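Structure, as structure tokens:
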Amino acid sequence: VIGGDECDINEHPFLAFMYYSPRYFCGMTLINQEWVLTAAHCNRRFMRIXXXXHAGSVANYDEVVRXXXXXFICPNKKKNVITDKDIMLIRLDRPVKNSEHIAPLSLPSNPPSVGSVCRIMGWGAITTSEDTYPDVPHCANINLFNNTVCREAYNGLPAKTLCAGVLQGGIDTCGGDSGGPLICNGQFQGILSWGSDPCAEPRKPAFYTKVFDYLPWIQSIIAGNKTATCP
């Protein structure tokens with residue numbers, strides 16, 4: 001996260017960290033004891049998922065690591081378009097217990113409204129050159145825009161996507177924050193999919209997969225319908 005501050009240790013009990021190698025990682029959101037939600041483009045064959053992590057250098061006493069038991073991507077996703085249906089549900093190999101630093105974030109009950117102030121968070125780059133990564137996650141506030149702002153900036157916007165950022169630039173998600181949550185008015189509304197390169201450019205908000213539009217799919221998969229298709 002560019003232009004943010006260190007997150008409070010108690011602010012992100014639902015934020016999980018997926019690592020595949022030291023240089024490749026993503027954010028994830030715990031939505032119940034056994035499932036996390038992230039971006040489809042974060043999918044890797046062998047991944048480790050750490051819940052209750054804060055500082056990379058010092059483990060929280062309740063930090064846990066899980067592997068993925070099964071990963072679910074929309075069967076109707078266009079494989080060669082990163083931003084199409086960029087959402088993935090992962091079932092953990094064993095459930096996690098709620099603790100001081102572990103608690104799921106519930107799915108949204110309403111869609112977000114344009115103009116909302118939204119919170120972003122992650123262990124991603126804190127410099128636009130993407131050469132500095134923090135030991136603890138950084139948090140910042142950004143704004144939810146009308147989708148036309150992104151359509152004008154990038155000549156288009158995928159369906160079921162939110163457009164969020166800061167028009168003057170300087171505050172944004174960045175490399176390594178992918179898959180992490182966009183939280184608007186306390187509700188889990190978006191999953192970081194894609195943004196400008198370099199990050200935090202003026203008038204170039206980022207794309208967040210709109211969680212609300214995928215609720216039927218998410219609920220079907222969790223209920224055991226493994227072949228549910230996305231809207």
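Every residue, even glycine, has its Cβ placed from backbone N, Cα and C.
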Taking Swiss-Prot as the reference, Cys150 is linked by a disulphide to which residue in Cys163, Cys174? Cys163
Cys174, Cys184: which one closes the disulfide with Cys199 in Swiss-Prot? Cys174
Could you find out if DSSP has His41 (active site, charge relay system) as helix, strand or coil? helix
Filtered by Cβ under 8 Å and at least 6 apart in sequence, the residues in the chain of Cys174 (disulfide bond) near it are Val1, Ile2, Gly124, Ala125, Ile126, Thr128, Glu130, Gly195, Cys199, Ala200
What residue among the recorded positions Asn146, Ser178, Asn225 has the most other CB atoms lying within 10 A of its CB? Ser178
Would you mind reading off the Cα separation of Cys163 (disulfide bond) from Asp86 (active site, charge relay system), to the nearest angstrom? 14
Cα distance, Cys150 (disulfide bond) to Cys74 (disulfide bond), nearest Å? 24
